[in-house]
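Colleague: Before I ask anything, let me first share the structure, which is written out below as structure tokens.
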Amino acid sequence: MAAKLCTTTFKLTHGGKDIPAVGMGCWRGNFGDGLDGEFPRALKYCIENGYRHIDTASFYQNEVTIGQVLKTVNVDREDLFITTKMWNTQHNDPAKALQESLENLKLDYVDLYLMHWPQGESADGTMYGEKGGAGPTFSEVWAELEKLLAQGKAKAIGVSNFSIGNLEELFKTAKVAPAVNQVETHPFNPDFELADYCASKGIHLTAYSPMGHGTDNPLRDEPVLVSIAEEIGSTPTQVALAWNVAHGRSIVPRSSNPSRIVANITLPTLQPKHMAAIDGITLNDPKRRTRLCWPMCDQEKGTVFGWSLDKLLWDVGFNTLKEDVVSLRRLPA
Ligand SMILES: NC(=O)c1ccc[n+]([C@@H]2O[C@H](COP(=O)([O-])OP(=O)(O)OC[C@H]3O[C@@H](n4cnc5c(N)ncnc54)[C@H](OP(=O)(O)O)[C@@H]3O)[C@@H](O)[C@H]2O)c1
């Protein structure tokens, strides 16, 4: 059961080409130092070692660097799958937002354009829909994304961080269903309900933070993952990544380390007993469900990029991390 280069792709029901199962995440890298910097070197290394999906966003502020790296690699544009996202402060003009991203990336089109979050905010941080904040609803933003899809500037459009409630609201007016919903999902937040809902609507799930977040994260010591990793000669991280892919979700792990870049796309095949054991981590003990991507939280305000967990309609918060790191809690009933 040797691990092997994962070249799996998933069909997008609502347009665009097939999405590679493994992509490189591009948030929170070290972007400095031009093309000699850590991030561009890592990105180039990824592409040279089989990655064909690049996941960025205007918020990550590295689209220009990515565009420069793409000019230096020996892979045809049509063989790459480039995802970028519009930030919350760009909800008032999606066409301008996408145009800026295309100019940054030096591309004529992106393969997937995502609304990064359902919440919009003005440049001064006032949230749309709240006192003093006037701006489009996410459904109105979606109608603009549908126009960009028709123009061919994005081959597929989708959303990110949308809950079932958000999607139900979107479907009241959407003419085109989102091709993708990119959300935080890993063995501590399997989100089976959201996954089932998305599957019923033909929406593909991409998993962000698919191995948990950061270097000090509890997923890597999880006994079930550790024991499967020992049994099959893999690592707990690879087991976590393979679990998402086996559930039909694409993943966007980030690494700037050559051996981990290769490890993250060299995935073992898990047996049904392994999948059942990993699913069981939270099915058997729902209190263990938690999100791990804590840098998105404002602990003082109790919000994630301006919205509370209730407003996001998230049923799971950031429950198990150290007290000094995260305190946004919403335990399952
Ligand atoms: N849509 C959204 O709202 C959203 C939110 C968050 C993230 N994302 C996307 O998801 C991507 C991944 O996010 P993330 O939270 O997983 O990234 P992350 O925690 O910022 O980065 C991964 C961390 O794990 C380490 N690592 C990588 N591979 C490893 C391995 N095999 N074993 C042990 N450690 C390893 C990396 O260190 P080394 O570099 O030293 O390997 C890095 O510190 C982002 O870059 C972004 O594209 C999207």
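If you go along the chain as it appears here, the first residue is 1 and each next one adds 1.
Each residue, glycine too, has its Cβ placed from N, Cα and C.
Keep in mind it's a predicted model, so treat the numbers as computed, not measured.
Look at TrEMBL and you will find 41-281 tagged as domain 'NADP-dependent oxidoreductase'. Per TrEMBL, the feature active site, proton donor maps to Y60. Among the features that TrEMBL reports, site 'Lowers pKa of active site Tyr' is placed at K85. Per TrEMBL, substrate binding site is recorded for H116.
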Colleague: Would you identify which of the recorded positions K85, H116 has the most other C-beta atoms lying within 10 angstroms of its C-beta?
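Modeller: That would be K85, with the most Cβ atoms nearby.
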Colleague: Between the residue listed as 'active site, proton donor' and K85 (site 'Lowers pKa of active site Tyr'), how far is it from one CA atom to the other, in Å?
Modeller: 9
Colleague: Cα distance, H116 (substrate binding site) to K85 (site 'Lowers pKa of active site Tyr'), nearest Å?
Modeller: 5
Colleague: Give me the mean pLDDT over the domain 'NADP-dependent oxidoreductase' (41-281), rounded to a whole number.
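Modeller: The predicted confidence over the domain 'NADP-dependent oxidoreductase' (41-281), as a mean pLDDT, is 96.
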